[in-house]
């Protein structure tokens, strides 16, 4: 009896130590996620800087407002229903959509009282996405981590709709865009998801984030790219995104315990190597493919930026599954086909080509890529993932944009586009109505009055734009040749007269490049 009692006591002590160690690992994992999350949130700032640098100055404030809207409105709807549609644990959950955990508010795990603090066991309503009754810390940490992915997917869309989308319509779209992201995210990352059950591998979101976001953009071929308002802002945005991407990929190991910290470090290094490959392509490829004589060739900083961004998008799906040289190749191909949609498709497919199972982790469920002797299965399910995610993103976006357009017209009016968001909608300059402020926005050459910087816009109607300014007078486009002989104060008076008009009246002029 004494011997059995000693064995029983030893077993209970061992079990207690095991539980304590397990809880300690959970705390470390949760703390790591919060640290990574604080860095990932800079992603939004990076996209904001990048997009504001790519648009004209007259639309800079508006594009930054859209990025804030993505976090506020998109984040709210993700808490209300997005998280539940991705990772809910209700019995009615299917392989195609999850149910449960709506308006998430998990409670602590244990039921006891320590001082004035009361701990209650969670109900089914508060069940965790890990299908276990964990502490509320890991549940909330996972929610915030996934929230950063959701807002990033929406932010990608804001860049695709820049300078032509009605701001009110965009706010409504940001609310509804959560549906576009959260359902396929559950397919890939949810325990219930049919792509997850098939063995699809996407570590940090090449498919659910970048392919969905890229498929939600609006395209029109044959148009020359808009001139940049601030290339410096675009480059600064690249650096912020570069830094945030390291946290994005290395943090997707969801912990630093055991072998996870080693693969987190590997993910960061492979991400950097891939960006080197994409940067090299973006730096030299434009000169190789250019048909212009060498003396007439010019360099566009956006080629460099897009090359690096394309490589980062491509490496995201399998960031710690590659060898070093493979990561560079993945990045170079991603840089060639930049940016989001094609680069994300390549990133997902590259897992099926180069991936190795990261022992002792089971990221690929023991499978390897085609070139690693794993056969065609992994490549096949990765291709199926691209097909499903791309199709879902494209058609659901069309449906949601159609609904939004019925409520609020998505496209800005022609005169609104010509004038720009800051003057027409945000009243950024018009409300100031001070000559010294207006003089600061005048070109030194005196050849044209522009609101911040020379800008070329493409309104809905077919207008052939030249290098000279065009003046909108009573809905009639007239060629206006302004040169240095025109007194600058007269130009300022024109703008002052507009600022005295009623805001809701159609402006009588607008300047374009």
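Cβ atoms here come from the backbone N, Cα and C positions, even for glycine.
Residues 33-55 are the range that TrEMBL records as transmembrane segment, among 10-32, 33-55. Of the given residue ranges 114-135, 202-223, 268-289, TrEMBL assigns the label transmembrane segment to 268-289.
Taken residue by residue, the domain 'Ammonium transporter AmtB-like' (342-422) breaks down under DSSP into 55 helix, 1 strand, 25 coil.
Between the transmembrane segment (329-355) and the listed ranges 33-55, 268-289, 375-404, the one holding the most Cβ pairs under 8 Å is 268-289. Stretch with the most C-beta contacts under 8 angstroms to the transmembrane segment (33-55), considering only 169-189, 234-256, 268-289: 234-256. Summarised as a single figure, the pLDDT of the domain 'Ammonium transporter AmtB-like' (342-422) averages 87. Same-chain neighbours of the transmembrane segment (234-256): 25, 28-29, 32-33, 36-37, 39-40, 42-43, 45-54, 142, 145, 203-205, 228, 263-265, 267-268, 270-272, 275, 301-302, 305, 308-309, 312, 315-316, 319-320, counting only residues six or more beyond its ends whose CB sits under 8 Å from a CB of the stretch.
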